[in-house]
Amino acid sequence: MNELFQTPQVEAGIKEYPLMPLRDIVIFPTMVQPLFVGRRFSIRAIEEANKKDKLIFLVLQKDKDVEEPKEEDIYKVGVVAYILRTVPIEDARVKVLVQGLKRGVIKKLEWKEDHYVAQVDVIEERDIPPESQTIEDKALIKAVKESIDKLVSLGKQIIPDLVVLIKELEEPGKLADMVASILDIKSSQAQEILETFDPRERLKKVYKFLQDEIGLLEVKQRISEIARERMEKEQREYYLRQQLKAIQEELGEAGGIKAEIEEYTKKFEEVKECMPEEGVKEVEKNIKRLERLHPESAEAGVIRTWLDWVLDLPWCTRTEDNYDLERAREILDRDHYDLEKVKDRIIEYLAIRKLTQGKEAPTQILAFVGPPGVGKTSLGRSIAEALGRKFVRIALGGIRDEAEIRGHRRTYVGAMPGRIIQAIKQAGTKNPVIMLDEIDKLAISFQGDPAAALLEVLDPEQNKKFTDLYIGIPFDLSEVIFICTGNRADTIPTPLLDRMELIMLSGYSEEEKLFIAKKHLIPKLIPLHGFSPEEIEFTDEAILEIIRGYTREAGVRNLQRQISAVLRKIAVKKLQGEKGPFNITPELVRKLLGVPRYRPEREKKPLVGVATGLAWTEVGGEIMFIEATKMKGKGSLVLTGSLGDIMKESAQAALSYIRSKAEDYGIDPDIFSQVDVHVHVPEGAVPKDGPSAGVAIATALLSLFTDIPVRMDVAMTGEITLRGRVLPVGGLKEKILAAKRAEIYEVILPAKNKDEVMEELPEYVREKMTLHFVDNLEEVFKIALVREPKPLKEA
């Protein structure tokens with residue numbers, strides 16, 4: 001090969017060269033080979049070689065997966081090579097073309113700055129010229145050349161010029177190196193040839209590997225012939241299967257399907273006693289069918305998948321419940337603040353389970369409904385931990401196909417079990433805690449109603465024999481504790497809601513958020529951002545600044561995000577050299593987080609035709625302004641602000657009440673036919689509905705027609721009748737907290753809600769609020785208007 005490229009002569013003796021480890025290829029003397037180089041130290045070795053005489057020492061790694069090999073990770077014997085060409089390619093890699101020159105042995109290896117340098121003892125190889133060869137040598141050389149012809153005839157792809165070159169070589173050492181470079185052998189075997197300095201022995205090893213490769217090619221050819229004879233008129237797919245079968249016969253692996261059947265049978269015996277009778281028959285039938293089918297057929301694949309699912313289900317496996325009530329209370333108190341009703345309900349459940357051990361306890365499905373971020377999902381995890389059970393969460397938001405719940409029939413391509421059975425398999429026990437998250441956001445489509453499919457799952461009378469369409473065998477779900485979560489109860493289908501025990505979770509007050517931030521969020525977030533507890537201290541005022549100025553939510557999810565934002569910015573300051581400890585004050589919060597996003601929403605001065613109402617949405621309580629104005633017209637009522645039908649009817653009822661009492665409030669009755677009234681609720685892009693704005697609409701309309709301003713430091717809620725009665729509404733705790741957030745400390749509420757408010761509202765919130773409980777609109781107007789309207793005769 002030296003005739004093809006101009007390469008320098010390398011003298012024997014100790015020389016120093018840059019060293020490049022190779023992952024899985026061995027370069028032999030005279031061998032020309034392209035290499036793709038990506039490791040930085042290898043690229044530097046090439047650069048150093050190119051600066052000098054383009055000579056580099058190439059040596060094989062013992063383990064190709066080692067990224068930064070040390071001295072013990074590489075072999076001692078390698079090849080001094082000449083770099084013929086270097087071409088940079090993408091991704092900062094280079095492609096080099098090298099030619100092996102002479103063998104060498106590493107005497108000393110050093111790391112110089114950023115690459116290896118080796119002291120190499122270059123070997124002066126003494127080959128055996130034709131005149132010095134024995135008859136055995138010549139016979140071996142001839143046998144090797146004939147074997148090359150045999151390889152080519154068996155389909156081995158070798159460059160024709162290389163075959164000619166091999167035929168011309170008469171020295172055993174050079175012939176061995178040339179043939180070794182084209183053999184399909186492991187890198188460790190190639191290294192063994194490289195380390196054989198004796199040319200005779202080297203050629204013998206090459207001949208052995210050559211015969212092994214010829215043997216493999218002959219077997220491959222024989223397998224092809226056997227398969228071709230059996231193929232007849234079948235398609236290519238059948239031909240490939242026959243080849244595989246012939247390979248299995250040649251290797252003695254035809255018993256693979258038998259081992260598979262034995263494994264399925266063993267698994268079946270382990271769960272057989274816990275399966276229903278129809279399930280036992282179905283599994284036995286499918287195992288027998290699998291035995292008769294061709295292992296590569298499509299039907300066999302379907303049966304295998306089904307058996308894998310069925311036999312991996314925890315038919316017999318269950319966890320033991322932990323009935324320690326004190327431990328359960330500790331876990332619930334540790335992970336969640338307040339939520340006493342929920343905690344008491346869990347303790348009650350545990351108490352019943354403990355008292356009915358060995359008997360069938362009544363199954364209860366709990367449903368946690370409340371705004372985002374109040375701890376519904378995490379509460380499920382705590383319940384599972386308190387009970388000592390596995391926990392699995394199923395996200396139901398946006399699911400519109402009942403097959404997601406009940407599974408697909410096996411006849412469909414790509415069929416799978418539904419999410420319930422998948423959750424059971426994931427848990428690995430038949431009595432986990434399964435959380436059905438966002439159950440209020442299930443959708444209906446032409447593919448069916450997933451809410452209807454859940455009826456069987458959540459009904460204690462039916463779920464003992466829940467049948468997934470894919471599995472086709474009844475599975476007992478009666479031991480599973482199902483916990484559902486949602487933001488609104490009114491969007492959960494009534495039949496589904498009827499199967500649940502509804503537990504309402506309200507939003508947190510400012511004081512509760514402060515406590516949660518100090519006791520839970522901040523201690524958890526400080527180490528997550530790389531600080532020790534001693535380095536960071538939040539003042540109460542700083543936390544309140546974040547709560548009031550940068551969050552507007554019922555839960556604490558956004559509060560956690562804002563605290564994280566503060567800690568991230570403090571982390572940057574620390575890395576820039578600022579010394580701790582860091583004391584987080586309101587001023588620092590404003591500096592780090594910028595201008596507060598939320599300001600108190602209430603108007604300061606009393607306004608005519610504007611009242612402050614209270615709304616309850618799925619994200620918590622909010623205040624909303626009801627604006628009313630009039631213009632010349634014919635007595636029509638215009639309503640805007642993306643209002644629902646119920647809210648429009650409330651506005652109509654409020655106007656009718658004002659008209660019926662016009663003279664009592666000093667209003668000329670004729671004016672109603674001479675003007676149009678327009679009622680608007682700002683934030684028109686947000687849909688609004690419900691009867692609870694009736695009180696606020698009536699107040700705004702009375703203010704409009706009497707020109708008496710409405711107090712802006714008073715908020716109100718309540719449904720009204722045409723007689724002026726104030727009826728009870730829901731979500732009062734959230735509404736009162738919304739008023740408090742907006743710095744409105746006086747609230748008008750229906751009298752029939754008084755007991756509920758007094759029970760649910762924390763005392764520290766009640767102390768700061770002035771709550772007016774009213775029965776009719778007369779009482780509302782006395783409180784909400786800056787002065788009482790006078791009857792028409794008096795006016």
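Each residue, glycine too, has its Cβ placed from N, Cα and C.
Here is what Swiss-Prot says about this protein:
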{"type": "DOMAIN", "residues": "17-214", "note": "domain 'Lon N-terminal'"}
{"type": "BINDING", "residues": "Gly370, Pro371, Pro372, Gly373, Val374, Gly375, Lys376, Thr377", "note": "ATP binding site"}
{"type": "DOMAIN", "residues": "605-787", "note": "domain 'Lon proteolytic'"}
{"type": "ACT_SITE", "residues": "Ser692", "note": "active site"}
{"type": "ACT_SITE", "residues": "Lys735", "note": "active site"}
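Everything Swiss-Prot records as a feature, shown here on the structure.
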| residue | record | CB count, 10 Å |
| --- | --- | --- |
| Gly370 | ATP binding site | 26 |
| Pro371 | ATP binding site | 24 |
| Pro372 | ATP binding site | 18 |
| Gly373 | ATP binding site | 20 |
| Val374 | ATP binding site | 25 |
| Gly375 | ATP binding site | 24 |
| Lys376 | ATP binding site | 26 |
| Thr377 | ATP binding site | 17 |
| Ser692 | active site | 27 |
| Lys735 | active site | 27 |
Just the number: how many Å between the Cα atoms of Gly373 (ATP binding site) and Ser692 (active site)?
25
Could you state the CA-to-CA distance between Pro372 (ATP binding site) and Lys735 (active site) to the nearest Å?
16
Determine, from DSSP, whether Lys735 (active site) sits in helix, strand or coil.
helix
CB-centroid shell, 8 A cutoff, ATP site Gly370, Pro371, Pro372, Gly373, Val374, Gly375, Lys376, Thr377, site residues removed
Phe368, Thr485, Asn487, Leu505, Ala554, Gly555, Arg557
Quick one: pull the CA-CA distance for Val374 (ATP binding site) versus Lys735 (active site), whole Å only.
16
Mean predicted confidence [pLDDT] for the domain 'Lon N-terminal' (17-214):
91
